[in-house]
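Enquirer: Quick one: the structure is below, and I'll ask about it shortly.
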């Protein structure tokens with residue numbers, strides 16, 4: 001028989017073999033209850049509290065979670081009267097407040113972080129060149145270029161800072177405290193205090209509906225039931241008795257309790273999880289890896305042509321120091337896509353605000369880009385795929401007597417509490433539809449609530465219509481059947497055992513119901529004998545929208561795997577109901593690997609093939625995510641509890657569902673604020689829209705780098721063309737202003753997971769860049785070598801033919817031509833078909849028109865002597881516009897030609913490699929985790945360089961943990977309490 005999850009409480013004692021009837025075998029109904037381990041003793045001399053830290057960390061000697069309660073009081077130097085106020089204040093200084101620390105980002109450092117990446121460094125170097133190195137040959141420092149570069153840097157940083165700060169502010173509203181108030185005994189008197197001031201050794205109390213404010217051991221428990229599903233993944237509330245541990249953040253569902261605090265704040269069960277995740281400053285997002293590679297492409301391109309200019313202009317043409325420097329500045333300023341980190345940050349920040357409309361709060365902004373590429377979604381079950389609310393499965397009710405299924409439910413509701421309900425009573429009462437029916441038509445005479453000893457509830461009532469006394473009981477199958485003297489036959493027992501076993505194989509929990517009549521008017525009298533009338537199946541049902549969500553995710557190319565702490569049979573049943581599949585494995589296979597002779601050659605192959613895993617601990621979830629990433633998948637993980645936090649942190653995209661604990665929220669990248677998973681599908685679609693915007697910009701930025709660097713280098717080599725650096729700054733400024741609107745551009749999401757194919761991006765960029773370079777060089781050649789425009793259109797420049805290479809009006813013509821067609825390129829890169837087939841956003845069109853109007857006005861009226869330009873006539877402006885339109889139209893054909901040749905071959909090569917890798921078992925070459933090199937982390941915009949420096953000198957130390965330690969992180973941290981007190985004994989102690 002499959003083992004299903006059991007209601008807490010000790011098992012009823014089994015009769016010895018000699019007591020059993022020889023002809024009857026022992027029956028076991030494994031529907032509720034579990035074996036319990038007895039308390040242990042600390043293997044140390046409890047008369048000496050001054051223990052060494054290494055002793056307290058030795059699990060063989062001390063475990064504050066399991067040692068007898070007397071030893072806990074001795075270790076923590078406290079008693080049941082509570083601590084004195086003076087001692088509580090002393091311990092508050094030792095252990096810190098009972099709340100999770102929030103790592104506040106310094107606003108000024110966040111602003112500066114937008115200037116801390118290799119692309120910005122090159123611009124900053126250019127500014128230094130303009131103000132320091134250019135002061136020579138009798139000329140002053142290049143103040144216009146210096147001021148322009150600094151202004152460009154500050155504008156980009158300000159925009160990125162503003163948008164990212166706005167997105168960050170939305171997150172702060174989600175960080176709720178664990179339990180604002182706590183009832184504590186200090187110096188023998190009970191009072192209510194801020195839960196943040198609780199310390200280890202405090203005596204606390206809580207009752208039904210309260211949140212447990214700190215990890216504690218119970219000293220008094222009256223019918224206590226604790227819901228800790230969000231922490232441990234257990235579906236049913238757990239009964240607690242004296243000496244048991246309660247976790248901070250769990251909810252009291254029934255009874256009242258007192259206990260002694262053993263750990264607070266970051267030392268609690270889920271506080272520890274919050275401390276171990278998300279604290280590694282050497283990690284960065286997938287997007288930063290892409291930024292690093294795109295940045296390297298641009299920097300290498302610029303570096304090659306800067307070196308070429310140094311050799312050609314200085315060694316070949318014998319340029320003066322300042323003249324050659326201006327040419328180099330043109331390549332540095334024009335070639336660096338300085339706005340790239342800002343444009344992508346703004347795009348992500350705007351996307352985060354759009355996701356907030358779907359009730360998804362983004363806590364790590366680059367997670368949006370990673371979500372677009374997610375191929376596997378690992379989901380917790382309890383509270384995520386399911387409602388975490390027990391329900392009676394009406395379709396599987398079994399009856400054994402004269403009563404119908406509806407009668408059985410109604411009688412079971414009679415035998416349930418209507419107030420202060422536990423989870424099972426609530427599910428039964430809910431099943432009858434109208435809760436008032438649970439007491440309608442009857443007069444309650446006696447009610448016995450569930451307790452861990454009897455494992456059943458019982459009601460005695462008078463039926464108002466007939467005046468007869470009746471009694472109903474419901475509870476553990478093995479207990480109820482022993483009471484049923486009226487119809488307990490071999491046939492009934494065989495049928496009951498078969499039904500319970502069938503429930504177990506489907507992951508359903510059995511609840512037996514029995515009925516009897518009582519003669520006379522004495523409600524305490526014995527009845528005429530209980531009769532088994534029915535068996536109810538209890539399960540945690542899927543959310544209404546979960547199946548549709550999973551179907552939508554699969555349609556988007558995302559495979560969903562269930563990863564749950566619940567039992568295998570329950571996981572399989574949930575998988576069947578959701579259409580997720582029931583090809584699931586217990587967590588032990590992650591350690592043992594595939595069974596000999598199985599169809600799976602390796603554990604990785606088994607993980608990929610599985611629909612899910614059951615009975616997992618935190619380290620199992622972590623291992624599953626890690627292995628999927630190792631196979632080349634971008635992996636998302638959903639969860640709601642502290643037990644999910646390590647995997648949420650490891651996943652490329654961690655998603656905390658509605659109602660998640662602070663530990664899960666702190667570890668997650670996206671926090672959902674309304675129930676259900678439908679938001680995830682909206683988030684995936686929206687993230688792919690955002691990805692398309694970023695990809696379009698990346699092609700554009702790389703193409704402009706090629707276009708500026710190659711174009712002006714060739715002009716310098718062929719015509720000794722000295723274009724003014726200040727005009728390149730103007731082009732960059734107008735470009736950046738226009739390109740910012742890409743963050744709200746209208747694009748279509750892909751129906752498959754997105755991935756960065758940098759070979760495609762660079763191929764497109766080179767093709768576009770070379771073509772635009774040709775458009776400028778051809779214009780210069782015609783103006784310098786012929787009088788075509790003068791003869792055809794009656795225009796002229798201030799100087800007669802031949803035109804000098806560095807004529808100020810020629811500079812203005814080239815400025816206008818480069819400014820117009822460079823910006824127009826975005827309409828080609830943003831579309832998959834002809835540019836006019838995909839309508840851009842209004843913001844992009846308006847920004848483009850304004851930028852071109854400004855460029856044309858500058859061309860018509862700009863006469864700035866310091867920058868070697870001079871205004872041109874309207875005729876020349878018209879010629880440049882027509883020239884650009886003529887050259888712009890074939891850009892779409894270049895795109896189609898690239899798709900049919902180079903891009904097609906690249907994709908075929910990728911597909912062939914993927915097939916080969918699949919055959920040989922070699923992982924795909926995709927991002928495996930958020931771990932990054934120092935070079936990649938320089939693009940993170942998270943001031944990581946400051947944090948690394950601080951950590952090296954001892955500031956801001958954070959707890960770190962190896963994956964194999966995750967399973968027992970709560971116990972290890974609980975022991976830190978005793979260790980700290982041992983090193984700092986009470987000054988008032990004798």
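Cβ atoms are placed via backbone N, Cα and C, with glycine included.
TrEMBL does not curate its annotations; it predicts them automatically.
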Enquirer: Quick one: sort out which of 765-789, 790-814, 815-839 is the transmembrane segment according to TrEMBL.
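Expert: So the range that TrEMBL calls transmembrane segment is 765-789.
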Enquirer: Match it up for me: which of 328-350, 351-373, 374-396, 397-419 does TrEMBL list as transmembrane segment?
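Expert: Range annotated as transmembrane segment by TrEMBL: 328-350.
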Enquirer: Kindly point out the range from 72-92, 93-113, 114-134 that TrEMBL annotates with transmembrane segment.
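Expert: Among 72-92, 93-113, 114-134, the range TrEMBL annotates as transmembrane segment is 114-134.
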Enquirer: Looking at 44-60, 146-162, 163-179, I want to know which stretch TrEMBL calls transmembrane segment.
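Expert: Here TrEMBL associates transmembrane segment with the stretch 146-162.
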Enquirer: Which bits of the chain, at least 6 residues beyond where the transmembrane segment (146-162) starts or stops, bring a Cβ under 8 A of a Cβ in it?
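Expert: Non-local partners: 107, 110-112, 114-115, 120, 123-124, 126-127, 130-131, 333, 338-339, 341-342, 345-346, 349, 726, 729-730, 732-733, 736, 740, 941.
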Enquirer: So, by DSSP, how many helix, strand and coil residues make up the domain 'Cation-transporting P-type ATPase N-terminal' (63-135)?
Expert: 41 helix, 2 strand, 30 coil
Enquirer: Considering only Cβ pairs within less than 8 angstroms, which of the stretches 294-316, 697-719, 765-789, 874-894 has the most against the transmembrane segment (328-350)?
Expert: 697-719
Enquirer: Determine the mean pLDDT over the domain 'Cation-transporting P-type ATPase N-terminal' (63-135), rounding to the nearest whole number.
Expert: 77
